[in-house]
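**Q** Here it is: the structure, laid out below.
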Amino acid sequence: MARKMLVDGGDGMEVEFDYDLFTIGAGSGGVRASRMSAGHGAKVAICELPFHPISSEKLGGCGGTCVIRGCVPKKILVYGSSFHGEFEDSKNFGWDMPGEITFDWKRLIENKTKEITRLNGVYKRILANAGVTLFEGAGKIIDPHTVEVHLTTGEIKRFTTKHILIATGSSAVLLDIPGFDDEMRGVVAKNLEGRGVNLHPSTNIIKIEKIEGGLKVYSDRGEEIETDVVLMAVGRKPNTTGLNLNAVGVELHKDGAIKVDEYSQTNIPSIWAVGDVTNRINLTPVALMEGTCLAKTLFGGEKIKPDYENVPCAVFSIPPLSVVGLSEQEAVSQTENDILVFTSSFTPMKNTISGRQEKTVMKLIVDAKTDKVLGAAMCGPDAPEIMQGIAVALKCNATKAQLDSTVGIHPSAAEEFVTMRTATRRVTPDGQVIKV
Ligand SMILES: Cc1cc2nc3c(=O)[nH]c(=O)nc-3n(C[C@H](O)[C@H](O)[C@H](O)COP(=O)(O)OP(=O)(O)OC[C@H]3O[C@@H](n4cnc5c(N)ncnc54)[C@H](O)[C@@H]3O)c2cc1C
Ligand SMILES: NC(=O)c1ccc[n+]([C@@H]2O[C@H](COP(=O)([O-])OP(=O)(O)OC[C@H]3O[C@@H](n4cnc5c(N)ncnc54)[C@H](O)[C@@H]3O)[C@@H](O)[C@H]2O)c1
């Protein structure tokens, strides 16, 4: 299936490229675009930094062949922190029971790394089976049709290509706080009792000091907080340094993200970008969607743009929360009509017996005139699992009447989404709240 492209070089001569598509970065977006392009018959190569399970973690989930970033490791850790299943299952998450219950952090991390390594292998095989050539090394753009790869072997190779895809993702932002250094990443939860987390809203950390047995954090409100570790989680920045974009003339936004049009094309026609490096919606399924659309546009004979409407997302906290569509505030500012807000708050069934004082909350936002469901939100057990189904309904332009006519599954938390009959409030486009 591999073939060489013959294209017009601009001076009437035909130019032969090594590849149809060369992708820099084998993460969610890069792998999807590459293997689908190969599926459409293109000759494709991809380069990726060498996999190192530990550095991959240190970099906040980024950095390493092939494709598993923050999403999966994070969820495995969430399972580890909240696991209440069978004894044999719990063991692999670091728990030892019955008898005295003990927790082995090292075992959890080793098993997590084993799983990430396994998944990376799976994705490497997927690429190989699709006929995509994988180079282990850092990619750099030399000109609109040439990529240079600094291979892990020490060799430097150049490849010509009709199209270049930048899919290099993002890295964690580190604030310049005196006293912060790399040793403090990683998480130790020594002092966490139950699920108690103390919030310090509108507070900036101005200094971190090493003390015996831990760290002391100084805030701009005059607080001094002793802690085991400091986890910097203040956002991410696109990975564009080292790609030579300036010299090639690829335009960036002020935040460093690559400027692309709605088809993911940069200002240089042969250079494209998908995923976090473009800082549109930074989620794995969105990077996958962008990669799919790109492959279809370039090689599938179908010019197609990603659809960013009603992208669901979740925070895998305990309990988790998940949303799709417009929030109440967004609906007020974006809708011409009044909106109806339906809310529900209840004790999840298992908490009634366990006694845990956590409520599940749900919200539906409905256009009062058209009856269209504009948004949904939930915080409570299984929220992401439930919200995926609600997202399908929103994608199909569901109305509140259609939700109401849907038969629930009983007893479940999800059934509440189809049984919220009475609106809690009506809000006018100018933000006036009317009790109903
Ligand atoms: C901790 C964490 C948790 C997350 N959880 C979720 C979640 O639960 N659900 C969700 O949808 N999203 C989640 N995300 C976001 C998700 O990981 C990203 O949106 C997604 O991975 C973006 O895909 P991408 O292809 O743009 O980048 P990535 O998947 O990051 O891939 C980019 C790749 O490019 C490589 N690279 C960089 N520079 C070069 C170079 N010069 N040469 C070669 N290769 C290079 C990197 O090593 C990396 O492998 C999470 C992110 C983090 C950090
Ligand atoms: N479950 C998921 O889908 C999931 C999980 C993790 C990350 N992600 C994706 O990865 C991207 C990056 O996530 P992230 O968590 O690294 O960043 P983020 O941008 O989502 O969150 C960073 C937070 O830090 C706050 N912040 C910034 N500076 C601060 C300061 N000096 N002091 C206190 N707070 C400060 C910001 O207000 C923001 O709320 C997100 O865009 C998200 O889409 C998704």
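The chain as shown is numbered from 1 upward.
Cβ from N, Cα, C; glycine included.
So TrEMBL has the following annotated:
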| type | residues | note |
| --- | --- | --- |
| ACT_SITE | HIS410 | active site, proton acceptor |
| BINDING | LYS75, GLY139, THR168, GLY169, SER170, ASP276 | FAD binding site |
| BINDING | GLY235 | NAD(+) binding site |
| DISULFID | CYS66-CYS71 | disulfide bond |
| DOMAIN | 311-420 | domain 'Pyridine nucleotide-disulphide oxidoreductase dimerisation' |
**Q** Are any of the recorded positions GLY139, THR168, GLY235, HIS410 near ligand 1, with a Cβ under 6 Å from it, and if so which?
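**A** Those recorded positions that pass the cut-off, since their Cβ is under 6 Å from ligand 1, are GLY139, THR168.
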**Q** Among LYS75, GLY169, SER170, GLY235, which binding-site residues lie by ligand 2, judged by Cβ under 6 Å to any atom?
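**A** By the Cβ criterion, which requires under 6 Å to ligand 2, the hits are GLY235.
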**Q** Sorry to bug you, but what's the C-alpha spacing from the residue listed as 'NAD(+) binding site' to HIS410 (active site, proton acceptor), rounded to the closest Å?
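**A** About 40 Å separates the two Cα atoms.
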**Q** For FAD, with binders LYS75, GLY139, THR168, GLY169, SER170, ASP276, what's the maximum Cα separation in whole Å?
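**A** Of all Cα pairs among the recorded FAD binders, the widest measures 30 Å.
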**Q** When neighbour density is defined as the number of other C-beta atoms within 10 angstroms of a residue's C-beta, which of the recorded positions LYS75, HIS410 has the lowest density?
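**A** Looking at the recorded positions LYS75, HIS410, the Cβ with the fewest others within 10 Å is that of HIS410.
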**Q** Can you grab the distance from THR168 (FAD binding site) over to CYS71 (disulfide bond)? Cα atoms, rounded to a whole Å.
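**A** It is 16 Å, counting Cα to Cα.
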**Q** DSSP three-state call for GLY139 (FAD binding site): helix, strand or coil?
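**A** Note: GLY139 (FAD binding site) is in a strand by DSSP.
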**Q** Within 10 Å of the Cβ of GLY169 (FAD binding site), how many other Cβ atoms can you find? Include all protein chains, please.
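**A** Neighbour count, Cβ to Cβ under the 10 Å cut-off: 25.
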**Q** Measure from the CA atom of CYS71 (disulfide bond) to the CA atom of GLY169 (FAD binding site) and give the result in Å, rounded to a whole number.
**A** 13
**Q** Counting other Cβ atoms within 10 Å, pick out the least crowded of the binding-site residues THR168, SER170.
**A** SER170
**Q** Do any residues at least six apart in sequence from ASP276 (FAD binding site), in the same chain, have a Cβ closer than 8 Å to its Cβ, and if so which, in order?
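**A** Set apart from ASP276 (FAD binding site) by at least 6 residues yet with Cβ under 8 Å, we have GLY27, GLY29, GLY169, SER170, ARG236, PRO238, ASN239, ASN282, ALA287.
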**Q** Given the binding-site residues GLY139, GLY235, and counting only Cβ atoms in the protein chains shown, which has the most within 10 Å of its Cβ?
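**A** The residue with the densest Cβ neighbourhood is GLY139.
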**Q** What is the three-state DSSP composition of the domain 'Pyridine nucleotide-disulphide oxidoreductase dimerisation' (311-420), stated as helix, strand and coil residue counts?
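**A** Result for the domain 'Pyridine nucleotide-disulphide oxidoreductase dimerisation' (311-420), in helix, strand, coil order: 36 helix, 33 strand, 41 coil.
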